[in-house]
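> Before I ask anything, here is the structure I am working with.
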Amino acid sequence: MPRRSYSVIGRVQGVGFRSWTRRTALRLDLRGWVRNEPDGTVRLCADGTDEALATLETALRKGPMFSRVDHVVKHDDPAHEGPLPDTFDIRFRAPGSASE
């Protein structure tokens, strides 16, 4: 299955973005993870069908209520994100960060 990795830039922390992303991904039968980054962005990696990933990307550009998405960056090499879980998880720390 195709895999995609994104960084979402804007007001995306403290507004329920990770929970919303998880619900959206599960509804689309995607697996992967989402986490807050120390720089204030949200990072995620998902795999599934091309159609489901395209729907997720469209949703990410809008975001949930109370968020403001300024930009979505699609990363070229999501394979370096490592193995994905069997479902879609919220991760609480970026590798090497001391806080959420």
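Cβ coordinates come from backbone N, Cα and C, glycine included.
According to Swiss-Prot, the feature domain 'Acylphosphatase-like' maps to 3-92. For ARG18, ASN36, the entry in Swiss-Prot reads active site, with the evidence type sequence analysis. Look at Swiss-Prot and you will find 76-100 tagged as region 'Disordered'.
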> Relative to the Cβ position of ASN36 (active site), how many further Cβ atoms are located within 10 Å?
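Within a 10 Å radius of the Cβ of ASN36 (active site) lie 22 other Cβ atoms.
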> CB neighbours of ARG18 (active site) within 10 A?
22
> DSSP on ARG18 (active site), three-state: which is it?
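DSSP call for ARG18 (active site): helix.
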> Rounded to an integer, what is the Cα-Cα distance in Å between ARG18 (active site) and ASN36 (active site)?
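Each residue's Cα considered, ARG18 (active site) and ASN36 (active site) end up 8 Å apart.
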> Do you know the mean pLDDT across the domain 'Acylphosphatase-like' (3-92)?
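Overall, the domain 'Acylphosphatase-like' (3-92) comes to a mean pLDDT of 95.
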> Per DSSP, how many helix, strand and coil residues does the domain 'Acylphosphatase-like' (3-92) have?
28 helix, 33 strand, 29 coil
